[in-house]
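Per TrEMBL, the features are as follows:
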TRANSMEM  16-35  transmembrane segment
TRANSMEM  55-78  transmembrane segment
TRANSMEM  90-112  transmembrane segment
TRANSMEM  118-138  transmembrane segment
TRANSMEM  165-186  transmembrane segment
TRANSMEM  192-215  transmembrane segment
């Protein structure tokens, strides 16, 4: 088990609250934008979109069910039940699901889907980048985070010596598998396109870079894996 206090700072509760709220909104916006563009979402979001078409459930319900399943997996990986961590995963998951659904609906009311393809590709990649920056912020705050990103953080620091660029694609194996299973059932793939490829290849790099350049004084707090 790794437990690190060496990078803790005396950020005020107000500062940490700002970082957390900002990251939740940024993550929700980025995911909502990629879903709206339909040019490729981050892998977990893409798997949720494919499940909605396979199971005929709402995106909100699928995001919640997927989050609960990943939370259970995190407990298995940690080898112990940390109720505060689990509660934080579940709280973030509920907030995230509603924020993503809200941004998706809101952006769907705008004309951006009809904009030129080149502009929409740039917006989609921008959305994926927003997701990576948001993950970097709330992983460092480490008060609550989405179970999918806690899953990545456990892999990153427990087995891969903190290498975000390696841990992120490894953590994408489950959503890739889910999307492939959905494809075998429906013979269609949704929300998988150039943005998904960018997410697979570059999101770990975005997270690692954001750790250094976005709110650089904010370091990983209370890191236990």
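Any Cβ shown, glycine's included, is placed from N, Cα and C.
What TrEMBL says about a protein is an automatic prediction, not a curated fact.
Taking residue pairs at least 6 apart in sequence, the transmembrane segment (90-112) and the transmembrane segment (192-215) share fewer than three C-beta contacts under 8 angstroms. Within its own chain, the transmembrane segment (55-78) has Cβ neighbours under 8 Å at 35, 44, 47-49, 85-86, 89-90, 93-94, 96-98, 100-101, 104, 146-148, 150-151, 154-155, 158, 174, 225, counting only residues six or more beyond its boundaries. Using a Cβ-Cβ cut-off under 8 Å and counting only residues 6 or more beyond its ends in the same chain, the transmembrane segment (90-112) has close neighbours at 24-25, 27-29, 31-33, 35-37, 45, 58-60, 63-64, 67-68, 71, 120, 123, 138, 144-147. Away from its own ends, the transmembrane segment (16-35) comes close to residues 41-42, 45, 49, 59, 92, 95-96, 99-104, 106-107, 123-124, 126-131, 133-135, 137-138, 140-141, 143-144, 146, 191, 195, 215, 218 of its chain (Cβ-Cβ under 8 Å, at least six residues beyond either end).
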